[in-house]
Amino acid sequence: MAALIARSGLKALNIRQTRQQRMATVPRAAVEFYGPDRAKFLGPFSENDTPEYLTGEFPGDYGWDTAGLSADPQTFARYREIELIHARWALLGALGILTPELLSQYAGVQFGEPVWFKAGAQIFADGGLNYLGNESLIHAQSIIATLAVQVVLMGLAEAYRANGGSEGFLDDLDTLYPGGPFDPLGLADDPDTFAELKVKEIKNGRLAMFSCLGFFVQAIVTGKGPVQNLTDHLADPTVNKAFASATKFTPGV
């Protein structure tokens with residue numbers, strides 16, 4: 001009898017250990033960022049509840065959709081694609097806006113014009129706009145021609161992507177997260193790491209989209225780049241602040 005009890009106890013212990021081992025192997029990202037137990041942000045008018053169609057299957061789903069924009073699965077899929085593409089463009093744009101101004105102010109790197117909107121405005125100057133400051137690369141003098149080329153080249157690339165590319169070209173890759181040759185560093189090889197990186201990408205992409213909007217507004221209101229605006233604010237926060245700039249702003253002046 002004692003031996004039977006000992007064997008039963010050992011079996012129960014093994015079952016508990018096996019269950020704990022299985023729980024330990026559940027990816028952290030799967031619990032923290034996905035599924036019903038994920039972190040949620042229930043914003044205004046959410047009635048403290050998550051819509052049933054937001055199951056936590058996709059990265060960046062925090063359970064808030066007051067307007068019901070994601071209720072239709074096809075619309076949801078389209079919005080996911082649009083958001084991710086714009087997020088990636090915003091990440092690149094924010095980097096391109098900040099880097100030249102930072103390098104110019106704090107590293108002494110010489111640019112023809114480090115402020116992002118002033119650099120683009122050089123196309124209206126008599127000398128035109130030289131890409132990367134080098135006239136031998138692209139010397140643009142017509143805004144209409146530049147826009148036309150941009151629309152044609154980017155339109156063709158976007159149409160090619162939206163239509164799934166050519167037949168047989170990278171058919172086995174995901175359209176939003178292709179990986180493979182597009183991940184030469186192998187950052188997405190580990191499933192748990194990949195799941196977490198997708199969440200980080202969309203979170204930072206959303207921040208970048210808001211940042212770019214802020215950069216545009218700053219450029220219109222203050223006529224300065226974001227780095228200079230931050231420098232001015234830190235030097236005198238009571239004078240150089242958003243409220244003061246907004247109250248002094250006159251469109252067209």
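Cβ atoms are placed via backbone N, Cα and C, with glycine included.
Site annotation (Swiss-Prot, ligand chlorophyll a 1) includes TRP64, SER70, GLU83; from ARG161, ARG206, the additional listed residue is ARG206. Using a 10 Å Cβ-Cβ cutoff, TRP64 (chlorophyll a 1 binding site) registers 16 neighbours.
With TRP64, SER70, GLU83, ARG206 listed as the residues that bind chlorophyll a 1, the site has a largest C-alpha separation of 17 Å. A simple way to gauge crowding: the CB of HIS86 (chlorophyll a 2 binding site) has 16 other CB atoms within 10 angstroms, across all the protein chains here. Sequence-distant contacts of the transmembrane segment (137-157) (same chain, at least 6 residues past either end, Cβ-Cβ under 8 Å): 123-124, 128-131.
Using a Cβ-Cβ cut-off under 8 Å and counting only residues 6 or more beyond its ends in the same chain, the transmembrane segment (207-227) has close neighbours at 86-87, 90-91, 93-94, 97-98, 101-102, 105, 114-118, 245-246, 249.
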